[in-house]
Amino acid sequence: MCYLHISRVTYLLIWYSPKKYAVALGSSSTASGEYSYASGYNSVASGNKSYAAGYASVASAEGSVVIGDSRQVKPEADQGVAVGSKATVKNKAKQRVVVGSEAKVNAERGIAIGKEAKAGGKTTNTLLDGPAYYADAIAVGYQAEAGKGGAIALGKQAKATKQNGMALGVESEAAGDFSTAVGNESKAKGQGGVGLGNQSKAEADFAVAVGNKAEATKENSLVIGRYARANGNHSVSLGSRSEIKDGVSNSVAPGYGSVASENNVVSVAYKETPQSTELSYRKIVGVDDGVNDFDAVNVRQLKAMQGQNMAELFSVRSEVRGVAASSAALSALTPLSYDANNPTQFMVGFGTYKGRQAMALGLSHFVNDRFMVKVGGTLGGNKTGHMMNVGLTWKFGTSQGVPATSDKVLMEQLMQDNRQLKPRLEKLEARLNAM
């Protein structure tokens, strides 16, 4: 031992260890490992290449570093680093870093930085000398906790409790395997869930919520926007305050305030304010012409269809008017009464209807006094075409045996009979007057 007096107040005590190149500075300090260094009252550097600095600090593992009072790196925790009051690297896990008062790392390659930070929770497996812990966890921040392997928790009271989860932000929480929560009080509770933004929540498996207070509560739902919500499976809500109603699945609500309240729809209807009870509506622009049966149709296609329909309608209207005019012309073909001496008649008819005109020609023939044949046809325009009819007329009843006499002959016979009866009537009147 070498004793060196510097002044009346200050003393320097250097204890030379029997180990190779070991140095111990301070009363009751011990450097028993090769290339070790111990500094501070009652400090111990027992691991090879270890470093212990501070009151009662203990560096027991090879390559370990301990800085601060009452800190310790337990044996076999090689390459461990403990910095801070009561910081501890326990059990056999190697290559761990602990920085902060009462911070703890329980597994290999874990990092805990911050007061009461914890990295590496227990697994369901056990080892011969005690429980096993998850490795490669990182916790940075006051009471930050990274529980399972590959988990990362950064921020005050941040928690990444599942495998490969990541929580970044004050009180953020990644509670599902492979989940990610970024932002103050953000939550990702389901497997593969992602919550990005202040108080964002992804509460189901593979749900994604991006934005301040955005919420994706159902499986495979996606939310992007401030106060946006998706409360149905496999649904997408895009835009501030957009919303998928409870239980609505496979729907999309794009744009500010959009609301989807039915399954399997894309709804652009929206509420102008959160207090609105009535929905407003949007246009969807830039839509290409639809081709397949279930493609959307744009206004250009509707106009083209409307133009085609109107052209067909005008054509039908013109044709109907022509048909009406032709029908009127055909109905004008009316034969005269039966004349045995003149059984055949030629007829002409004219018709008009809303600007369309037509002419009809007809021919009728009396076979006898009880049977007639009639034929008629029109001379219409190009659009209407020609119309034609053929008619047969039968007269039913008992035959009177009237001889085939023309109307003119009958009239002459009647006039002759009247002339013969006239003198007789005059004589009768004279007798009556004489009485």
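FYI, residue positions are counted from 1 along the chain as it appears here.
Each Cβ is built from the backbone N, Cα and C atoms, and glycine gets one as well.
In TrEMBL, annotation is done automatically, which means it is predicted and not curated.
TrEMBL annotations:
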| type | residues | note |
| --- | --- | --- |
| DOMAIN | 20-43 | domain 'Trimeric autotransporter adhesin YadA-like head' |
| DOMAIN | 45-69 | domain 'Trimeric autotransporter adhesin YadA-like head' |
| DOMAIN | 98-117 | domain 'Trimeric autotransporter adhesin YadA-like head' |
| DOMAIN | 136-158 | domain 'Trimeric autotransporter adhesin YadA-like head' |
| DOMAIN | 160-186 | domain 'Trimeric autotransporter adhesin YadA-like head' |
| DOMAIN | 188-214 | domain 'Trimeric autotransporter adhesin YadA-like head' |
| DOMAIN | 216-242 | domain 'Trimeric autotransporter adhesin YadA-like head' |
| DOMAIN | 283-322 | domain 'Trimeric autotransporter adhesin YadA-like stalk' |
| DOMAIN | 337-394 | domain 'Trimeric autotransporter adhesin YadA-like C-terminal membrane anchor' |
Distal contacts, the domain 'Trimeric autotransporter adhesin YadA-like head' (136-158) - CB-CB under 8 A, six or more residues away: 103, 105, 107-121, 123, 164-174, 177, 184
Secondary structure composition of the domain 'Trimeric autotransporter adhesin YadA-like head' (216-242) [DSSP: H/G/I, E/B, coil]: 0 helix, 9 strand, 18 coil
Stretch-averaged pLDDT - the domain 'Trimeric autotransporter adhesin YadA-like head' (20-43): 84
Helix, strand and coil residues within the domain 'Trimeric autotransporter adhesin YadA-like C-terminal membrane anchor' (337-394) as assigned by DSSP: 0 helix, 39 strand, 19 coil
